[in-house]
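Taking it in order: structure first as structure tokens, then the write-up.
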């Protein structure tokens, strides 16, 4: 599977680099505004960077899905499926690649965020505030300890990864179902989008019906505990959808 | 000529039993029963849309039969079978970023029987550059590259789908000779082409497919003795 992952990374590096180039241009704009002390433009740059942060979730998702869809369409998927690898390991390598991409993008945004926050604080001659001071303020406002904060962060990251994976696997299954039903038809793109939307709606309806374990969570950890049924549902859904995608690729689809 | 019967000999390396495949209204494979033996080169013949590519893709696992069984060395096809099956499709299937060097690395990574030295010797012989990306290559270059990749493996089953497509007439003779040179005992080679006369020189057996059905199969010598005709004339008789 490591070899499969290596080639997943290699073949998807170009669009990711384009994304980072766009991000670098945005950050460059912020730095230019910062050096010119143009406060209005700085605020605009920050808004754009925050917007890019939220957009990146969808971009990483879109990169993962479009890569799979493109391979099925242009037959480069033959390269992977002619290798002596099981269908499950092929799918898992794609999913691991999606998670790694999301993680790298998140790290890049985190680094940029921390750097830019420090620069922004400096603008107001508050350079005496250190990272520890900021941390103390955060801990005090949430009435929590550092160990609790670390635990919260870990569980939040795990929850976000699970939710992200759920939608990626939903996308894979939608594309696979439409390729099974409409192998060479041009309508297969529209069908996969329709199936995906149906999956999202059905999933949201089921999540809504699930009980919440805590009514008024006061901390992030309590909130995560309250959505534990949803997390468990997501994990089960991921396993079932991976199995479904693998089954269709193994038994039904003509590549 | 009669339709072939399935006869179970121990040395049958590849066996198709009652294999069927339909795409909506099109029959790509109809009750296919055939056994192929090692040491032979099979010319897979038929017009466009007769089911030649489907035949090969079912054996490779890229297309799943609706029903029937395909056995390779006595076992149902699995992902591990692919270690010993080499397939050259008609489509260009390399990632656009790949150069010949990247392709060599890729196949070396996944197939222990891939011989990089043999691959580079083919590249040299075919005058193909090793650093030109796939999306920049011409149709002819890609066709030669696909053959080079497939013939650089020493798999027990080698399938080439229309290997002479897109190759100029001068190179075709050399390519045919190269294909013939890579056949041998212990290996099944299946080659499909519209260039029946060129295939006849390198093949030991022929399989004729018409609308998904195997209408005739056997050794070329037997077919000639039975009909008194060459392969081209047999082809015309079946498909005219």
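A Cβ is built for glycine as well, from the same backbone N, Cα and C atoms used for every other residue.
Here TrEMBL gives transmembrane segment for one range in the set A:44-65, A:66-87: that range is A:44-65.
Below 8 angstroms of C-beta separation, residues 41-42, 45-46, 48-49, 52, 56, 59, 63, 67, 97, 101, 104-105, 108, 112, 116 of the same chain, each at least six residues beyond the ends of the transmembrane segment (A:12-32), sit close to that stretch.
Packing against the transmembrane segment (A:223-249) from elsewhere in the chain are residues 81, 87-88, 90-92, 95, 152, 155-156, 159, 162-163, 165-166, 169-170, 172-173, 176-177, 180, 203, 206-207, 210-215, 217: each is 6 or more residues past its ends and has a CB under 8 Å from a CB in it.
Note on the transmembrane segment (A:190-211): residues 69, 166-167, 170-171, 173-175, 177-179, 181-182, 229-230, 233, 237 of its chain, located 6 or more positions outside it, place their CB under 8 angstroms from a CB of the stretch.
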